[in-house]
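Heads up: the structure comes next, in structure tokens.
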């Protein structure tokens, strides 16, 4: 019932330039408070209220420099971890940054090595290298406790980050979490096709989200990713976890989020399914649910600290 109510609400937590009346957040801005508020008028969409943050680079000895944008603010901070070959300037990343700005919380978004504005060669990318990228962002840029928001493959990496940095990662939000998915999908291919991919060195994976109609995934990326699979055993993550997934997702089955929920050791886990959402989950209602979830976790963590 709660999920259906969320999906039906048209409200949005405003930034000032949207022209809403100010929403007075008390010491505990819970999700129930947000849902109880009715907007005076529908907001203009995200681009109307964007305020640019400058592009910076994290210099790393012997590793590619990472492009990032950091919004300073209070804790917990939010780090957005993008999907496969996705950039930091996607709809979800920008919406999260704007939401954090409205609350005064810190936010970091970045490009993986070999992707977007970061240094490196995408054909040499591996999941292990991107895992190091995420840990570099957490270790070198993030101050204090962090909530990680992982989209698709970024959801897989957020779990690894939570395992590696339990003292700093205090909550997780997965959007179409693609834990093990690339390896699982490859292993489901016919034997003949897998041999062909091995010979060519590239898997042309069909995708309606690519302009070319396929994602060209390096065979080396798939084989290296096998070393990072998580769903075969309990996942040692104990922080609060929220997993959002669209039931129309034809890339990562929503059952994957159920598997993650079952495998993690945390007892504070919610899986929220949206009946008509697809893999990208970037429609207005999807973004609303995402920022509501972030706000509720911030409220929950503040309550625990206090």
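Heads up, the Cβ atoms here are built off N, Cα and C, so glycines get one too.
If you check Swiss-Prot, you get these features:
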- 152: active site, charge relay system (ACT_SITE)
- 249: active site, charge relay system (ACT_SITE)
- 279: active site, charge relay system (ACT_SITE)
- 78-178: domain 'AB hydrolase-1' (DOMAIN)
- 1-52: transit peptide (TRANSIT)
Residues near residue 279 (active site, charge relay system) in space but at least six apart in sequence (CB under 8 A): 152, 176, 209, 246, 249, 250, 251, 252
Most Cβ neighbours inside 10 Å, all chains, among the active-site residues 152, 249: 152
